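Summarising the annotation, TrEMBL assigns domain 'G-protein coupled receptors family 1 profile' to 43-294. Marked as transmembrane segment by TrEMBL: 27-50, 62-91, 103-122, 142-165, 202-228, 240-262, 274-296.
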Amino acid sequence: MTALNYTGVSHTVFHLLGVPGLEDQHVWISIPFFISYVTALLGNSLLTFIIVTKHSLQEPMYLFLCMLAGADIVLSTCIVPQALAIFWFHAGEISLDRCITQVFFLSATFIYESGILLVMAFDRYIAICHPLRYTTVLTRTLIGKIGVSLLLRSCCTVFPVMFLLKRLTFCKSNILPNTACKHFVLAHLSCDDIRVNIWYEFLVLMSSLVIDIVLIFISYVLILRAVFYIPSQDARHKTLNTCGSHVCVIILFYVPGIFSVLAQRFGHHISPHIHVLLSNVYILAPPMLNPIIYGIKTKQIRDQVMYVFFTKQK
């Protein structure tokens with residue numbers, strides 16, 4: 001894999017290094033990757049099965065949670081199987097088309113999850129601030145339209161990235177120091193001007209993730225204001241508890257991602273393997289921990305899980 005600098009040759013095959021600088025530790029690094037993936041698959045599949053099959057959970061909150069579980073499965077599958085192939089079999093070779101496709105699915109799923117977290121915050125706002133209108137506002141039809149709209153938003157937002165990458169000439173190197181293809185990781189191997197890529201990525205962040213975070217924050221400000229007007233302390237505690245799992249998931253989703261972006265932008269002195277590991281945390285952790293958080297903090301789901309595993313068959 002020889003790097004060719006400014007020769008006019010555009011690479012069509014790339015080589016993913018995994019975690020650069022820690023190649024001799026790949027087998028050990030693969031253990032948390034494997035555990036997180038198995039946990040994410042089993043946990044989110046179980047969550048989806050319970051919500052779909054139990055009539056008592058056919059409520060907007062749980063239907064949105066089902067969408068989140070499906071997105072978590074896709075998000076972890078975009079990264080982990082390929083990372084394990086690199087760690088175990090040194091199978092880091094990937095074509096340009098596959099690399100760009102991975103960028104698309106990874107970015108689109110991340111934006112889709114952000115949108116789901118926003119509508120889940122809206123769901124809690126309606127349930128707490130306008131409880132009498134909850135079932136009339138969040139109908140099955142509206143939930144279906146919301147799901148389709150979020151999917152279209154994520155795909156349409158990320159789709160231009162494929163063309164922005166396709167137009168580039170990759171003549172610097174064909175070595176990708178990462179476990180997966182990321183937009184900027186791939187773009188920085190180009191000899192062309194990538195300012196359009198940089199500005200479009202900034203536009204995507206501002207028009208989707210930043211707006212989602214601001215609207216989620218506003219939703220919870222309104223929710224907290226409504227909660228403080230509840231006279232009963234027990235009722236206030238119960239109402240806040242219904243939001244607890246969602247708040248945990250929001251923090252788990254956004255904080256590692258923001259920290260990773262800031263580290264890449266300003267942490268030039270940080271070792272490359274730290275950057276790679278940080279960029280994997282915000283993809284590995286939410287799919288693994290989301291079903292655990294909801295299973296522990298949501299009584300209805302916890303009861304159904306207990307029923308599935310511990311009720312004796314007559």
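Every residue, even glycine, has its Cβ placed from backbone N, Cα and C.
Here the transmembrane segment (240-262) does not lie next to the transmembrane segment (142-165) in space: the count of CB pairs under 8 Å, restricted to residues six or more apart, is fewer than 3. The predicted model assigns the domain 'G-protein coupled receptors family 1 profile' (43-294) a mean pLDDT of 90.
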